[in-house]
């Protein structure tokens, strides 16, 4: 089985407050977009999980793909061979690892005839990471609690986005960004409610509708992120928004043609830039 496993952006991300368990309550709107990793999975007779990674990602048991497969195949006679070819930048706020984990859960469930329910897979997904449950839905969805309680939204319109992934990374990025967040930057979920209503009604959304309350904290962690954000706005004359905990920034473009021209303009910046479209699904399947 071959899978193209898509990444996500956060059309809105609000931090509502800190929870007793140390995590934060979130209100967010996820959207899958057409930048993906390739996964090739084949059952084997050895009852082993063998993972080969092509690209910048952990290998072997350190990879979330291996962990996802292991959680399904404990005490099972089925084994699985997995090849992961990275197309999504790692540690960039795009959920590449979470997407791969969810695709692995679905694929292993099918290939090994485990017949696990969607609800069972969601429970496992939530234990793997807060973003993983969303990728068992894909398209457009609201996430609450840690971001792992998912309410799908109707997919009414296709959008084009420019993504820009700056070249800087940090170890333990998400923890450091959340640690830099100040209580005065908490919000009450209004941005998420308003945008979700607009999406559900099929109304056109614009860059003015997008929001991420982690941006000030991300700038404290990466001072150079503010300069990159300003450079993107100056080059494109468009507003740019942070995805997840960063450092990826993105903007809605009005058409593929406009996006293609702006993509060329971004070649002057180091890092990676992509022109993508929204997708109604989290992954595409192909038979080998």
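Each residue, glycine too, has its Cβ placed from N, Cα and C.
All annotation found in TrEMBL is predicted automatically rather than curated by experts.
Small disclaimer: the values here were computed from a predicted structure and weren't measured.
Annotated active site per TrEMBL: 8, 131, in sequence order. Among the features that TrEMBL reports, ATP binding site is placed at 89, 90, 91, 92, 93, 94, 95, 96, 97, 98, 99. Per TrEMBL, the feature domain 'GHMP kinase N-terminal' maps to 63-139.
For the domain 'GHMP kinase N-terminal' (63-139), the number of residues in each DSSP class (helix H, G, I; strand E, B; coil) is 41 helix, 7 strand, 29 coil. Rounded to a whole number, the distance between the Cα atoms of residue 8 (active site) and residue 91 (ATP binding site) is 13 Å. Each residue contributes its Cα atom, and for residue 95 (ATP binding site) and residue 8 (active site) these two points are 6 Å apart. Secondary structure at residue 8 (active site), as computed by DSSP, is strand. Cβ proximity to the ATP site centre (mean Cβ of 89, 90, 91, 92, 93, 94, 95, 96, 97, 98, 99, cutoff 8 Å) flags the following additional same-chain residues: 7, 88, 244. Cα of residue 97 (ATP binding site) to Cα of residue 131 (active site): a span of 9 Å. The binding-site residues examined here are 89, 91, 93, 97; by Cβ neighbour count within 10 Å, the least packed of them is 91. If you take the Cα of residue 93 (ATP binding site) and the Cα of residue 8 (active site), they are about 8 angstrom apart, rounded to a whole number. Distance from the CA of residue 99 (ATP binding site) to the CA of residue 8 (active site) is 8 Å.
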